[in-house]
Amino acid sequence: MLLISNPRHLGHPMSPGNWKRLIILLSCVFGGAEMNQQHNNPHQPMTLTWQVLSQTGSVVWEKKAVEPPWTWWPSLEPDVCALVAGLESWDIPELTASASQQARPPDSNYEHAYNQITWGTLGCSYPRARTRIARSQFYVCPRDGRSLSEARRCGGLESLYCKEWGCETAGTAYWQPRSSWDLITVGQGHPTGTCERTGWCNPLKIEFTEPGKRFRNWLQGRTWGLRFYVTGHPGVQLTIRLVITSPPPVVVGPDPVLAEQGPPRKIPFLPRVPVPTLSPPASPIPTVQASPPAPSTPSPTTGDRLFGLVQGAFLALNATNPEATESCWLCLALGPPYYEGIATPGQVTYASTDSQCRWGGKGKLTLTEVSGLGLCIGKVPPTHQHLCNLTIPLNASHTHKYLLPSNRSWWACNSGLTPCLSTSVFNQSNDFCIQIQLVPRIYYHPDGTLLQAYESPHSRNKREPVSLTLAVLLGLGVAAGIGTGSTALIKGPIDLQQGLTSLQIAMDTDLRALQDSISKLEDSLTSLSEVVLQNRRGLDLLFLKEGGLCAALKEECCFYVDHSGAVRDSMRRLKERLDKRQLEHQKNLSWYEGWFNRSPWLTTLLSALAGPLLLLLLLLTLGPCVINKLVQFINDRVSAVRILVLRHKYQTLDNEDNL
C-alpha cells in the first residue's frame with residue numbers, strides 16, 4: 001500500500017532514485033519467501049512436496065519425499081475431474097476436489113445429465129461423461145515463459161492461453177504439439193479403476209523436461225491451460241509448484257533473532273554439604289535422603305557459545321603446548337573471518353543414508369580463508385588447485401548416496417560449508433569441494449601485551465603486538481616429524497585429538513547458532529539484515545566487553561587464560577594484574593621519583609606556582625639588559641634632534657666673506 005500525504009504530489013513524476021527504491025522494496029517483498037530456500041545447504045535432505053493446484057487455487061494432488069533439493073522429479077498424476085471441481089463452466093460446480101472422486105455425486109442434475117447423454121458433452125458427474133473425457137484429445141498452452149508479443153497473441157485466462165493455433169506446447173492431439181523450451185510434457189495417465197466405480201478415471205501424466213529440471217523458480221509456481229479438442233474446446237487451468245520445508249526451530253521470546261543474546265550465565269555457587277561425623281548407628285537400617293532433582297539446562301546464550309569457543313581452544317592448546325597456556329590471552333576478533341579452514345587429507349567413506357551426517361547448518365557460511373594441502377573432489381578451478389594434494393572422482397550409486405569426510409572434518413564447497421556430500425546433487429563437471437578442518441579465528445597474545453596496552457593507552461607503540469592464530473599454535477605445538485598446519489590436526493597425538501573434541505563441539509554449537517540467526521534474519525523483511533549480518537558477532541562481543549567479561553585490545557575481545565582454564569571475569573583479572581604490577585613498579589622507584597605518588601596535592605601546588613615563578617625569574621634575568629638598551633636608544637634620538645635644531649638657527653659662513 002502506498003500512502004500519499006498531499007494530493008498535489010500526484011502530478012509530479014517519480015524520480016529515478018525513488019523508482020529504484022520501490023523496485024528494491026518490491027523485490028525484497030516478493031523474493032523473501034524464495035530467498036530462504038535458495039540459500040539452504042544443497043546436500044542436506046529436505047521435505048520436497050510437489051503440488052498441483054486447480055483454477056480455484058485448491059491443492060488437488062501432491063506428492064512428498066525426503067531428498068536433497070532439485071534432485072527429485074516425479075511424475076505428477078492429477079485427475080481431470082479433480083481439476084474442474086468447483087468451476088461454473090463444468091457440471092460439478094458445487095463439489096470439491098475430494099468429493100469429485102465419488103462415482104455418482106449426490107444431488108445430481110438429471111436434466112444436465114440427459115443433455116450429456118444426448119449431445120455427448122464432456123463432464124464429471126456421470127460415468128458416461130467421464131468416459132468421453134478419456135476418449136478425447138487435449139492440448140496444453142503455457143502462461144509463463146513467453147515473450148510479450150507471444151503473450152498478447154495467445155491470450156489470457158479467458159482463452160486458457162490458447163487463443164491462436166501455435167500456442168500449444170504439449171498434449172495428446174493428433175498433430176503432437178511439442179516445444180523445446182517448455183518445462184513439462186503432459187499426456188494421459190493410467191487409471192486405477194473404471195469410470196463406473198470411481199470419479200477419478202482420467203489421470204494426467206505430467207513429466208519434467210530437461211529445461212524444467214534446470215529451472216529453479218518452482219517455488220513460485222508455473223501455470224498452464226489445458227483444452228480438449230472437441231466442440232467448444234472446454235478446458236481448465238492448472239498450476240504446478242514445489243514446497244520445500246524443514247522442521248521449524250523453536251523460539252521463545254518476542255524477538256526470534258535476539259532472544260538468545262546475552263552474556264554468559266554466572267555459574268551458581270553450590271555450597272558444600274557438610275559430611276556428618278561417624279557415630280555408632282542407633283538402628284540397623286540407615287536413613288537415605290533422596291537427592292534433589294537436577295535443574296533443567298537452559299539453551300546456551302551467545303556469551304556461553306563464545307566462551308565455549310575460548311575454553312575449547314584452551315583445552316586444545318594446553319594438550320599440545322602447556323607452556324603457552326601458563327599465562328596468556330585468547331582473543332576473539334570483532335570482524336570477520338570468524339573461522340578458517342585448513343585443507344586436510346584423510347580417508348572418506350560412502351553411506352547409503354544421511355544418519356551419520358551432522359545436519360546442523362544450512363550451508364550459508366562461506367570460508368574466506370582456507371590454507372593447507374588436502375583432499376579435493378570435483379573440478380577444482382586453477383585458483384584453488386594449490387590446496388589439493390589429491391583429487392578423487394565421486395562414485396554415485398544407490399549404496400553411495402552420501403560422502404562423509406574423515407574424523408570431524410567438513411566439506412568446503414563452492415555452494416557453502418556442509419558436513420556431507422550428496423552424490424545426486426554434486427555435479428563433477430561444475431562443482432568442487434575441499435576436505436577441511438575447521439578452526440575458530442582466535443588470536444593468542446602473551447600476558448604482557450595487554451598489560452602494556454592498558455598501562456600506556458595513549459602512547460604510540462613502536463612495534464605492533466605479534467598475533468598468532470590458533471591454527472598456527474596447534475601446528476607448532478606438535479612434535480617435530482609429525483608436521484605442522486593441517487597435518488598436525490589430522491595426524492597429531494592422542495592428546496591433541498582429545499583436546500580438539502571439546503573445541504569441535506563448541507564450534508558445532510556456534511555454527512548452528514550463526515546459521516539459524518541468518519535464517520531468521522532472512523525471514524524478517526523489516527530488519528536491516530545486511531547490517532546485522534555483518535555486526536552480529538561484534539554485538540555479541542560488545543555484550544561481553546561491556547559486562548567486564550573480556551578485555552578489549554583494538555578490535556579484539558580477549559580472555560585471560562592460565563592452567564586452570566579461561567577466566568570468565570577477565571576484565572577484573574586484568575585490573576588486578578595491573579594494580580599488582582603498579583605496586584611492584586612503585587617499590588622499585590627511588591625516594592625522589594616517588595614524591596608525586598606519595599603526595600597527590602604536590603602535583604597541583606607545583607603546577608600552580610611554577611608558571612609565576614618562571615616568569616619572575618625571566619624578568620629578573622633579562623630585565624636590566626632590556627632597560628639599558630632602551631635608555632641608550634632614547635638618548636641617541638634626543639641628541640640627533642638637538643643637532644637638527646641648532647643647524648636650523650645658525651648659518652655657516654664662507655671663508656672669503658670672513659676675510
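Each residue, glycine too, has its Cβ placed from N, Cα and C.
Note that the structure is a prediction, hence the values are computed from the model and not measured.
The feature signal peptide is assigned by Swiss-Prot to 1-35.
The annotation topological domain 'Extracellular' is assigned in Swiss-Prot to 36-606 on the grounds of sequence analysis.
Swiss-Prot lists C141-C162 (among others) with the feature disulfide bond. In the three-state DSSP scheme, C141 (disulfide bond) is classed as strand.
Per Swiss-Prot, disulfide bond is recorded for C154-C167 (among others), and the stated evidence type is similarity to another entry. Under a cutoff of 8 A between CB atoms, and with a sequence separation of 6+ in the same chain, the neighbours of C154 (disulfide bond) are C141, R146, Y161, C162, K163, E164, C167.
What Swiss-Prot lists as motif 'CXXC' is 328-331.
Annotation source Swiss-Prot lists disulfide bond at C328-C331 (among others), citing similarity to another entry.
Restricting the average to the motif 'CX6CC' (550-558) gives a pLDDT of 65. Per Swiss-Prot, motif 'CX6CC' is recorded for 550-558.
Taking all protein chains in view, 25 other C-beta atoms sit within 10 angstroms of the C-beta of C557 (disulfide bond). What Swiss-Prot lists as disulfide bond is C550-C557 (among others), and the listing cites similarity to another entry.
Long-range Cβ contacts of the transmembrane segment (607-627) within its own chain (Cβ-Cβ under 8 Å, at least 6 residues beyond either end) are absent. The annotation transmembrane segment is assigned in Swiss-Prot to 607-627.
Taking Cβ-Cβ distances under 8 Å and a sequence gap of 6 or more within the same chain, C625 (S-palmitoyl cysteine) has no neighbours at all. Annotation comment: Swiss-Prot describes C625 as S-palmitoyl cysteine, evidence class similarity to another entry.
The motif 'YXXL motif' annotation in Swiss-Prot covers 650-653 and is backed by similarity to another entry.
A separation of roughly 5 Å, to the nearest angstrom, links the Cα atoms of C557 (disulfide bond) and C331 (disulfide bond). Around C162 (disulfide bond), taking its Cβ as the centre, 22 other Cβ atoms fall within 10 Å, counting all chains. Remark: secondary structure over the motif 'CXXC' (328-331) totals 0 helix, 4 strand, 0 coil, with classes taken from DSSP. In the three-state DSSP reading, C625 (S-palmitoyl cysteine) counts as helix.
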